Every structure is written in structure tokens, then in C-alpha cells.
Amino acid sequence: VAYLTIFHILFVLFVWTYWKSVFTRPVQPGKKYHMSYADQERYENEERPEVQRQILAEIARKLPVYTRTGNGGVRFCDRCQLIKPDRCHHCSVCAVCVLKMDHHCPWVNNCIGFSNYKFFLLFLAYSLLYCLYIAATVFKYFIKYWTGELTNGRSKFHVLFLLFVAVMFFVSLMFLFGYHCWLVSRNRSTLEAFSAPVFQNGPDKNGFNLGFVKNLQQVFGEEKKLWLLPIASSQGDGHFFPMRALCEAQNPLLANEEQWEDDGIDQEPH
């Protein structure tokens with residue numbers, strides 16, 4: 001009875017998180033980030049790139065946008081005709097701009113971003129536990145297979161196949177889940193891990209790193225009882241994210257403390 005209870009609990013959580021990851025549509029930027037018809041016409045009729053950058057800069061002054069392109073310009077999506085909020089990227093598969101885009105996942109056939117990143121992490125976690133549980137319960141029959149206690153040839157094939165698939169998925173999910181846990185601990189997305197976000201003072205891979213606890217709260221929220229359930233509890237609305245630079249400006253001692261931590265832990269070898 002206990003084995004069946006655990007199995008059904010893991011199965012329900014696995015299906016629930018998968019459902020939420022698949023059918024939770026990515027959140028797109030709000031209307032205030034879209035260019036008005038007059039600004040769009042003025043931008044498209046202008047042929048000089050430097051003037052186009054000035055037009056975008058004028059529009060962005062009214063918005064809480066702090067990240068920039070590689071050349072220091074305002075991040076703008078030509079396809080969606082909008083000023084990109086911080087950590088927002090255009091998904092070529094979904095053909096929309098996604099808030100806090102992490103990646104487009106073929107497993108769930110959906111774009112992973114602000115709206116469903118927590119569900120995706122829980123889906124990986126419960127899939128990992130599900131595979132581990134199946135491998136652990138089948139392993140004793142695998143031992144019987146080697147000792148010759150299983151005489152049915154069809155049963156041998158089922159045991160070997162189930163154990164092989166469970167272990168194979170467990171290993172692959174373990175690396176993927178561990179990588180995303182590392183991203184959450186540093187408050188980075190997959191895109192930001194490969195290309196550091198650019199601020200007005202230049203690129204900074206730790207620009208959104210607020211510390212381990214606050215980084216977890218950014219994704220899972222402050223209510224710890226909701227962390228393991230696929231219920232939306234992420235902080236904010238996906239348009240603005242607290243930055244370490246702003247925290248340092250409010251607390252100079254925090255800036256020195258985090259600088260020492262980065263120098264001691266996150267320093268890359270020369």
C-alpha cells in the first residue's frame with residue numbers, strides 16, 4: 001500500500017507539473033512597451049541609425065529598462081515593434097517576445113520564461129524522483145533476474161527495459177536539473193549564462209544576483225509552503241527585476257561584501 005501511495009503521489013505531481021509547463025503560455029510585454037503608431041512611423045521613416053537610437057532612448061526614458069545592447073543602445077524588437085523589458089527575448093519558435101525567457105524547450109513544446117519557469121523546475125524535480133522510484137522498485141527484480149529466480153523470459157525483458165529506461169532518464173535529468181539549480185542560485189537564465197546581460201556600465205553576469213535566498217524567492221516566492229506545488233508564486237510581474245547595482249547604491253557595505261564574495265568564489269582562473 002505504501003509503495004502504491006508514493007507511486008500515485010509522484011505520478012500526480014509529475015503529470016500536474018508537466019501540464020502546467022505545457023499549457024501555461026509565455027507572458028508577453030505589456031502595452032506600454034509597444035511603440036505607438038506615431039513613434040513607429042517616425043522610427044521607420046528615419047534612415048539614420050544614430051537618430052533611430054535617439055528615438056528609442058526617448059521612448060525608453062519612461063520605462064523601467066536598464067539593460068542595453070552590446071553597443072549601448074536600447075533593446076528593441078523589430079518583429080514585435082516594442083522596447084524589450086529587462087531579461088526579455090524574442091523566441092523565434094513562438095514568434096513572440098517572452099518575459100524573462102530562459103529557452104524554448106522541445107520536451108514540453110513551449111517557451112520557458114517568467115510564467116512557467118517554476119513549473120518547469122518542478123517538472124524536472126518530480127521527473128527525477130519518479131525515475132529514481134521506478135529504478136529502486138525494479139532493482140530487486142533485476143537481482144532476481146541475475147540469480148535465476150525469474151523464469152519467465154517476457155518478464156526478464158520487461159525488467160531490463162524498465163530499469164534501463166529509468167536509469168537513462170535519471171542520469172540525463174540529473175545533469176539538466178543540477179544545471180538549472182545552479183542558474184537559480186545565481187539568478188540567471190540559460191541565455192544569460194551564455195551571454196551576460198549588458199547594463200549601462202557594461203556587461204555583468206551577476207547583475208541580477210541578489211544572494212542565494214533572495215534568488216530562490218525570485219522564482220518560488222516567499223511562501224515556502226507553495227514552493228513544491230505547481231502554483232504561480234514567483235515575485236513580480238516579469239517586467240522589472242531587482243538588480244544588484246541598485247541594492248549596492250542603497251547599501252555601500254553590501255557592495256563591498258558581495259565584491260569580496262565574488263572575488264573569492266566566482267573568480268575565473270587566468
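Just so it is clear, glycine is given a Cβ too, placed from its N, Cα and C backbone atoms.
Marked as transmembrane segment by TrEMBL: 6-23, 119-139, 159-179. Annotated domain 'Palmitoyltransferase DHHC' per TrEMBL: 75-194, in sequence order.
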Contact set, same chain, for the transmembrane segment (119-139): CB under 8 Å, 6 or more residues outside the stretch: 3, 6-7, 10-11, 13-14, 17-18, 20-21, 24, 102, 105, 108, 112, 159, 162-163, 166-167, 169-170, 173-174, 176-177, 180-181, 184, 219, 228-230
For the domain 'Palmitoyltransferase DHHC' (75-194), residues assigned helix / strand / coil by DSSP: 70 helix, 16 strand, 34 coil
